[in-house]
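Engineer: Sharing the record's features from Swiss-Prot:
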| type | residues | note |
| --- | --- | --- |
| MOTIF | 11-21 | motif ''HIGH' region' |
| BINDING | Cys143, Cys146, Cys156, Cys159 | Zn(2+) binding site |
| MOTIF | 359-363 | motif ''KMSKS' region' |
| BINDING | Thr362 | ATP binding site |
Amino acid sequence: MSHILSAVAWPYTNGPRHIGHVAGFGVPSDVFSRYMRMAGHDVLMVSGTDEHGTPILVLAEQEGVTPQELTDRYNRVIVDDLANLGLSYDLFTRTTTRNHYAVVQEMFRTVHKNGYMVEQTTMGAISPSTGRTLPDRYIEGTCPICGYDGARGDQCDNCGNQLDAVDLINPRSRINGEKPTFIETQHFFLDLPALADALGAWLRTRTHWRPNVLNFSLNLLDDLRPRAMTRDIDWGIPVPLPGWEDNPAKRLYVWFDAVIGYLSASIEWARRQELAAGGAGTPDAEAWRAWWNPTPGLDQQSYYFMGKDNITFHSQIWPAELLGYAGKGSRGGEPGIYGELNLPTEVVSSEFLTTEGKQFSTSRGVVVYVRDMLARYQPDALRYFIAVAGPESSDSDFTWSEFKRRTNDELVAGWGNLVNRTATMVHKNFGAVPEPGERLAVDEAVLATTRAGFAQVGRLLETQRQRAAVTEAMRVVGEVNKYVSETEPWKLKTDRDRLATVLHTATQAVADCNVLLAPFLPHAAQEIHSALGGTGTLAPQPRVDEVTDLDDASRSYPIITGDYVRGETLAPWESAAVVAGTPIEKPSPVFTKLDDAIVEEELERMRAGAAERA
């Protein structure tokens, strides 16, 4: 058994999330986490809403609310959407908790004490019309490296390089288009050059990463410069140093604090586990260390899931923070109270999802929100599309015609039809799983196929090849469908022994396929598991709890959590024998067939949304 940390990118609370977001961080991380739990590993899946930074401040001003009011609103929207999609977080929290503030400030103080957070004078942008600070990501211009006209003041999304706003060609404000004025300002910088040797040595051992992630990360080593980790802004975590902590206009950079969220969420999870246990016993408030502190004899692995625009922060900034905290750069140093912390085992980056050939854009109305999708369609239909046709290793396109086709042809007519006709024949002819007679070669062959699927699909999931994994699982479904068609049980009414054997074999094969598909289709999997008389929980669902801030009783907020292994019997990743005599009721359709009309209806919704914003 391994301790598996599933660290999932934190969605930003400047609005509801669309399906492109969950295709990058959400569904892939949940598929992996569900499989690893079923395979017997101790999984800790954590994330939360990212609530600091300039976009929150600007949007709050536009809406006439405080940043906290804005993030409170969208935190609840995002929590509901991700829970309804079935994302099985052990803890989904937020970055405005007192716990998160304390963990981030401890990290900053220790990195600073070890000599890797250095104070420098830099050029900051001012809006000439308002006299206010203009944060770097609200400045755009032409990238001095690749020439892309649309680069931000902190990063070029075209070439992925980190930038300084003052280096942009023809810089302009994204708020009103004016040219900013640059003045001197003081900031703390993460000294990446002092951590370069340790960072490079670690990265060169990551040969198992996806090539696009590894190559991009290694290329970043060619131009390592100190990176500003504070900002001229009044919304964020205070800088925890004398002379800085009381300055209302200086805050920690949102990306410095966001990546630390994986650690702070793990700590909050452990504290809540202790609280739920009555403050004593196991698990306790230090339980998070089993995933984070290197421990001899304990296999610990950490997987970070995100879209490709966040690779830099997870393969460079976060590892550099961890190395600086441990004192493993050129200046040495000692770890802080959390001890040495594990570096990422793997950074799992997805590419971008587009829709109908266009980039998602909420401002232009080119968007399909998760909550709208789930209001009209089954969550497993969206999960399946992302798994089988999502942007795993290259950009992919979501179209309504393809969504309808895959739902109808593969889920309804393929997997759903197999479940329905098998259960219907068992119910009609026996009312329960029949006792099998002697199996023929054709029966043994189909069971050998389904049982082989556990190793094959599992191997693909462990190596982050989810598209190949779900394709293989559906290939096995096709073999079982072929078996039922070729054995023709509907023609065996006068041969009860043979009919019983075929239907027992088919039921066993369907049960096996259901386990193979459970990480991808958890809602359907649990329904099918129960319909076939299965015991225990095959695909546990998350729940939303309203909790009080652990360090501020005046604040409450929703979290996503669940009982996925602890306190429940989780069906394992293996073939479990169906039991003769188990009652089988007449089934209801598992998946809903989509009418051809939905394609034009959804396209019209998108056109109307775009017209409103034109």
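The backbone N, Cα and C atoms fix where each Cβ goes, glycine too.
Structural setting of the listed features?
Structural biologist: Beyond its flanks by at least six residues, the motif ''HIGH' region' (11-21) meets 47, 49-51, 53, 55-56, 59, 70-71, 74-75, 77-78, 81-82, 94, 307, 352-355, 360, 362, 367-371, 373, 382, 386, 398 of its own chain at Cβ-Cβ distances under 8 Å.
Its Cβ placed at the centre, Cys143 (Zn(2+) binding site) has 22 other Cβ atoms within 10 Å.
Among residues of the same chain six or more beyond the motif ''KMSKS' region' (359-363), those with a C-beta under 8 A of the stretch's C-beta atoms are 15, 18, 20, 352-353, 613.
For Thr362 (ATP binding site), applying a Cβ distance below 8 Å and a minimum sequence separation of six or more within one chain yields Gly15, His18.
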Engineer: Return the average pLDDT for the motif ''HIGH' region' (11-21) as a whole number.
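Structural biologist: Across the motif ''HIGH' region' (11-21), the average pLDDT comes out at 97.
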Engineer: Could you break down the residues of the motif ''HIGH' region' (11-21) into DSSP helix, strand and coil, giving a count for each?
Structural biologist: 3 helix, 2 strand, 6 coil
Engineer: Look up Cys146 (Zn(2+) binding site) in the DSSP assignment and reduce it to helix, strand or coil.
Structural biologist: coil
Engineer: Looking only at Cβ atoms, how many others are within 10 Å of the one on Cys159 (Zn(2+) binding site)?
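Structural biologist: Other Cβ atoms within 10 Å of Cys159 (Zn(2+) binding site): 15.
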Engineer: By Cβ count within 10 Å, point out the most packed of the binding-site residues listed: Cys146, Cys156.
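Structural biologist: Counting Cβ neighbours within 10 Å, the top one is Cys156.
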Engineer: Quick check: which same-chain residues outside Cys143, Cys146, Cys156, Cys159 lie with their CB within 8 A of the centre of the Zn(2+) site CB atoms?
Structural biologist: Pro144, Ile145, Gly147, Tyr148, Ala151, Asp157, Asn158, Gly160, Asn161, Leu163
